[in-house]
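Taken from TrEMBL, the feature domain 'FAD-binding FR-type' applies to 97-219.
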Amino acid sequence: MQRADATLEIDSTTAIATFRNYAADAGRPVSDHGESITVALPRGSLTVMPDGAGTRLRIESPDAVALQLARDLLVSKLALQGVVPRWQEDLAGRQPGNQSRATVLAARRLSPNYSRVVIEGPDLARFAEAGLHFRLLFGPEGGGWPETDAGGATRWPGGMTAWHRPVYTTRAIEVSGAAARITFDVFRHAGGRVTEWCDRVAPGAEIAMTGPGGGGLPEMAGWMGLVGDETALPVMIRILEAMPDNTRGEAVLFVPDAADIQSVRHPEGVSLRWVLRGGDETPLAALKTLNVPAQDRYVFFAGEKAQALAARAWLPEQGLKKGEFISAAYWS
């Protein structure tokens, strides 16, 4: 467990009320301990307690990634109140705990609408666990990489809004100790910043990334139903290739071009159907064709926001309960 302590120059009654409101808005559980409270964070906890005329804060997290995320969240919430925490130690100029540097090994055009990038780094093994996703960091020219300020919060050269931080899915990962080699695919957009980067980046280039984030692999049920559009192809293939051999189910994957269809390893009991964009069938329509059994089932839908919202409303109407499906919006 990792820990960070800070003090606030406001009384603890005010601070505790502020964090109670935050917890209520975020749906986070709060534990009372007399004069102090503990707020459960997504990965860790925040304790708010008296410290003389002021307030002491204590973050506890399972690892450096979670601690960095909690610290950055805390600083951003307090900034809205015009409050600056004083941290126990000076952490200026360090690499943020949730950030890694990696070297590009290869980048190539995989098909008309996808590029494939392979990277490696000395601390990328953590991306084999927890979330399937990560963010690439593209900042102002010559600005350098983000570093921590004196309090350990992330300082973004040029300000955070100056950074492009697209989300990608780990397609494959080979771990060696703390190091790892990661393969990921990029859906190409004409004129897109990452598309242009894929076309010009050379082996040996350094990149920065944060994560892992987002959800991990879904709980594998006996029957799995997957429907995803072209933006969801990497995560759908990752799930298909992780399924146990005895899994049954259906997968429907949409791509813009027949040449984008990939060879995918998947259980014999899971049918895989490819759909070319431009026809009448939509991902939502494909979802409604699945023959979902009454039990031991899980449905994963991912695509455009309006379709994802419609799927999120339709699936419970078919009797699927929370924990039996997810509907993710990947773009709008």
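Sequential numbering from 1, following the chain as shown.
Each residue, glycine too, has its Cβ placed from N, Cα and C.
What TrEMBL says about a protein is an automatic prediction, not a curated fact.
Predicted-model confidence for the domain 'FAD-binding FR-type' (97-219) is 95, expressed as mean pLDDT. Mapped onto DSSP helix, strand and coil, the domain 'FAD-binding FR-type' (97-219) counts 16 helix, 56 strand, 51 coil.
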